[in-house]
Amino acid sequence: MRNQTLVTEFLLQGFSEHPEYQLSLFICFLSLYSVALVGNVLIILAITCNPGLYTPMYFFLLNLATMDIICTSSIMPKTLKGLVSDRSPISYGGCMAQLYFLTWAASSELLLLTVMAYDRYAAICHPLHYGNMMNKEFCSMLAAGVWALCACNTAIHTGLMTRLNFCGPNVITHFFCEVPPLLLLSCSSTYVNSVMIVLADAFYGILNFLMTIVSYGFIISSILKMRTSEGKKKAFSTCSSHLIVVCMYYTAVFYAYISPVSSYNPEKSKLAGVLYTMLSPTLNPLIYTLRNKEVKAALRKLFPFLKN
């Protein structure tokens, strides 16, 4: 029995401890999911169908929209089903698959936000060399590197998770499969998993954040050195949307996940989960669209009825 996983099915606790809010949460989550899907698909269509948006900034935005779709779609169908059911079972294989795709998309988004910060740094601090610094080949390499590195990192975490024994209980105190509550259910040693989580937190949560802060330090310094207020306003407008998204995403990450597994708090983790799996994918396209004239123009060109 030592090398055998006895649990073949998990139960997602979801929000069953608050049955009076189940219907309200279902309507809210369904609305957020719908807006997230429509908004991110529209951004992808606007960028791919408009050659005028074939620039590094919009190329990375297209990747961000794709990651948002994967992130929210990996958990929302199951979450919505659980809100209208008495119980929310998920198979062992389904749980591992959900864990993989969610972690892959979420970690990729953190890394891509750092890449996007570097892109804004190159555009504002080195405008004359921007074309050479962010050429098509380099941008493609950065995007592919983000997807590949995070896929590899996620495969390691998921692989380590599959080596653990789960002997019961099988109730996951979350509305999706996540590493900390799964480790708490394991009846075998989770030392290696915990070490890898600390390393991942250090890389994604701290090193990435510091690189983003450094990039924006140089950006703000360059903006302050500009002589005209019009130039300052234009430079800030090119990075303000990204800065809002960075602040929103890292707030959720630091709120719940930069902490030991032993101090895991289900309620706090659920709130953070709502922020980065539902609210962030919903707000990202709105932030980038409402504050960007080029994207709005591309959408009007794609859908002429929006002009009215």
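Cβ from N, Cα, C; glycine included.
TrEMBL: automatically predicted annotations, no manual curation.
Per TrEMBL, these features apply:
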- 23-46: transmembrane segment (TRANSMEM)
- 39-288: domain 'G-protein coupled receptors family 1 profile' (DOMAIN)
- 58-77: transmembrane segment (TRANSMEM)
- 97-118: transmembrane segment (TRANSMEM)
- 138-156: transmembrane segment (TRANSMEM)
- 202-224: transmembrane segment (TRANSMEM)
- 236-258: transmembrane segment (TRANSMEM)
- 270-290: transmembrane segment (TRANSMEM)
Tertiary contacts of the transmembrane segment (202-224), as residues 6+ beyond its ends and Cβ separation under 8 Å: 107, 110-111, 113-114, 117-118, 120-121, 124-125, 232, 235-236, 239, 243, 246, 250, 253-254, 257-258
Segment-segment contact (the transmembrane segment (23-46); the transmembrane segment (270-290)) at 3 or more Cβ pairs under 8 Å: yes
Beyond the flanks of the transmembrane segment (270-290) by 6 or more, those residues with Cβ under 8 Å of it: 15, 29, 32-33, 35-36, 39-40, 42-43, 61, 64-65, 68-69, 71-72, 75-76, 102, 106, 174-176, 178, 241, 244-245, 248-249, 251-253, 255-257, 296, 299
